[in-house]
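Note sheet for the following structure.
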């Protein structure tokens, strides 16, 4: 298990951990099944940064800062992955922009290029703005630390689910070829249940106003984020025929944005009373 965990961290982060000298598909599958737990570690790190920024920027007698802690939280997630997933999102945007005019094969070639085009820059800008804006809203509602934790786990869960047996690689080389179809359905289901359980527990014990209502909100965000990633994955499969490392990165970033949006939602008062949310 330790080898699989180290492999997961070396595949998904730039943390200074010693990974295996060689990663085969079997090991890659076990590592990708642990991707949500990598998200848990990253979420704890980013959540701590959000909380610390709130503390050091607080001004007595004034409303607490929300934008700066949100920017710091999103930045920490980008730094510990060296922008890997954002780069994948940018390449995915360029590939989608080229797909209709140039076809699947040319779009995949464009996704491999090191330069970023207009479509890639635009999609990264919009997704990051959504992440920062939604996280800022959750911070003002005193659930920012919980929100970034849930988003980090759910977005990495999207990568796990994208590597199940039903999803092929889009090309015969690269990260997609290494991990596509390697995660067993049972392991993916267990990962999903584990993320729901951790999200519920985190919501229940949240130091900034935890309780049953917050736990339900966190689980709802996991479900909606996972649903968004499923629909997006199906759409991308129709365009590219499989997954690549860039597609996984794009799924992670967009799922994180969707999860944060759910955590930021204002739920109507009758629904709050019915479900016990706050």
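Just so you know, glycine gets a Cβ as well, placed from its N, Cα and C.
What Swiss-Prot records for 31-51 (among others) is transmembrane segment, and it gives sequence analysis as the kind of evidence.
Panel annotation: around the transmembrane segment (66-86), residues 12-15, 42, 45-47, 49-51, 53-54, 57, 124, 128, 131-133, 135-137, 139-140, 144, 148, 152, 248-250, 252-253, 256 of the same chain, lying at least six beyond its termini, place a Cβ under 8 Å from a Cβ of the stretch. Taken from Swiss-Prot, the feature transmembrane segment covers 66-86 (among others).
Annotation source Swiss-Prot lists transmembrane segment at 115-135 (among others), citing sequence analysis.
What Swiss-Prot records for 148-168 (among others) is transmembrane segment, and it gives sequence analysis as the kind of evidence. Among residues of the same chain six or more beyond the transmembrane segment (148-168), those with a C-beta under 8 A of the stretch's C-beta atoms are 12, 29, 32-33, 35-36, 38-40, 42-44, 46-47, 50, 73, 77, 131, 135, 138, 179-185, 187-188, 191-192, 195, 198-199, 202-203, 218, 221-222, 225-226, 229-230, 233, 237, 241-243, 247-248, 251-253, 255-256, 259-260, 263.
Same-chain residues lying 6+ beyond the ends of the transmembrane segment (187-207) with a Cβ under 8 Å from its Cβ atoms: 29-30, 33-37, 40, 143, 145-146, 149-150, 153-154, 157, 160-161, 163-164, 214-219, 221-223, 226. As annotated by Swiss-Prot, transmembrane segment applies to 187-207 (among others), with the evidence given as sequence analysis.
Sequence annotations record features per position, and here Swiss-Prot assigns transmembrane segment to 215-237 (among others). Beyond the ends of the transmembrane segment (215-237), by six or more residues, the same chain brings 92, 143, 146-147, 150-151, 153-155, 157-158, 161-162, 167, 192, 195-196, 199-204, 243, 247, 250-251, 254-256, 258-259, 262-263, 267, 275-277 to within a C-beta distance below 8 angstroms of the stretch.
Among the features that Swiss-Prot reports, transmembrane segment is placed at 247-267 (among others), with the record citing sequence analysis. For the transmembrane segment (247-267), the residues of the chain that approach it from at least six positions outside its boundaries are 77, 84-89, 91-93, 127, 130-131, 133-135, 137-138, 141, 143, 146-148, 150-152, 154-159, 162-163, 170, 175-176, 179, 217-218, 220-222, 224-226, 228-229, 232-233, 236, 240, 275, 277, judged by C-beta separation under 8 angstroms.
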